[in-house]
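Quick look at what Swiss-Prot lists:
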TRANSMEM  37-57  transmembrane segment
TRANSMEM  126-146  transmembrane segment
TRANSMEM  152-172  transmembrane segment
TRANSMEM  188-208  transmembrane segment
TRANSMEM  231-251  transmembrane segment
TRANSMEM  288-308  transmembrane segment
BINDING   His293, His353  heme binding site
TRANSMEM  332-352  transmembrane segment
TRANSMEM  356-376  transmembrane segment
Amino acid sequence: MSSKRKLFEEVGAAAATRPAAQPGLIDKRHSGARKAIRVWLQILFALVFIMIAVGGLTRLTDSGLSITEWRPLTGALPPLSEAEWQSEFEKYQAIDEFRIQNQWMQMADFKVIYWWEWGHRQLGRVIGVVWALGFGYFLVRRQVPAGWHGKLLFLGLLGGAQGAIGWWMVASGVTQGEGVTDVASYRLATHLGLAFVILGFIAWYIMELGRSAPDLMQARRIKEGKQWGMSTGLLHFTFLQILLGALVAGIDAGRSYTDWPMMGGQWFPSTALVLEPIWRNFFESPGLVQFMHRVTGYVLILFTVVVWLRGRRSSHPHTRFAFNAVLAAMTLQIVLGIVTVLYGAPAHIAIFHQTLAVIVWVLILRARFLSGYPIATSVRGT
């Protein structure tokens, strides 16, 4: 007769031979890739940040129309001989901007504005290459985390669209016999607006990759809905103000009225509605465009205070600090905007004003992110 089966001993012995469970193994497997992708996105963020600044300087130096053709590939090489430089100069001499306002230019002067525009376009090519190499590398090595293929591809598509919109903008100013000396302001606003959208998505993805997927899932459960909703509204309102700022830059409206708080001694400028049909004034009248930018700024800072009052009620220190940073940056931006007007929008102040707009934009995104994914702290504050 066989001996009784030692059921519990056999089970215990079998269990002893199995490897111990390792919690978080799947997350650890992808953590290295998440960190690498985050570094790649941080590089892209820095490049786009610089691109926005260079684009602003290109506009402020009236360099944007110096290259009259769009050659995405062959245009990567600048003129390499005197004959090539002469050819580029002759193309520029044929457009209205030169004939109307820049006939004084010699070759040396033309080269200055040409290098600004060439550098702006070249930086765009560099951004495209950095995106393509990074995306291709992670794709081939199968290191893209689940759910991220579409997000990273979307950035590339936005970048391609930005290049096309850039030429669409420039083409509006490369005219002959039409009396046009600048690009269309609404196209400039579209171009700048998309740049902020691209930068915003990159910043958001960087913040997402800065924390593990389980951590984000856990944080989502303690989402602060009021702060999230109000910061979303502030983000959209700020974007509107950025577009209005682009309209101001597009028609040099910042130099049309240099007093504050009034405009030419009036609360509402007398030149605001002089164009026909009337809708043109909202895009082309320096008086009305600057007036809209000013009034929107006043309302925006008031709304920022309201959002901050709600944000400071958050139970999470990191979230409260994020809203404090938003209020501080927005206040500084309003003050800088007034200074820009009073000094007639000189290039160095105007570019600082635009750069600070980027910082405000990112800080609002961070406050919104922390409202949706709070960083929980213990009673001890750790």
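In case you wondered, yes, glycine gets a Cβ from its N, Cα and C as well.
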Assigned conformation of His293 (heme binding site) - DSSP reduced to three states: helix
Beyond the flanks of the transmembrane segment (37-57) by at least 6 residues, Cβ under 8 Å: 116, 119-120, 123-124, 126-127, 130-131, 134, 138, 143-145, 148, 152, 155, 191-192, 195-196, 198-199, 202-203, 205-206, 209-210, 249, 347, 350-351, 354-355, 358
Chain residues outside the transmembrane segment (332-352) and at least six past its termini with a C-beta under 8 angstroms from it: 53, 56-57, 60-61, 249, 252, 254-255, 257-260, 290, 293-294, 297, 300-301, 360
Contact set, same chain, for the transmembrane segment (288-308): CB under 8 Å, 6 or more residues outside the stretch: 185, 230-231, 233-234, 237-238, 240-241, 244-245, 247-248, 251, 253-254, 256-257, 263, 268-269, 271-273, 281-282, 323-324, 326-327, 330-331, 334, 337, 341
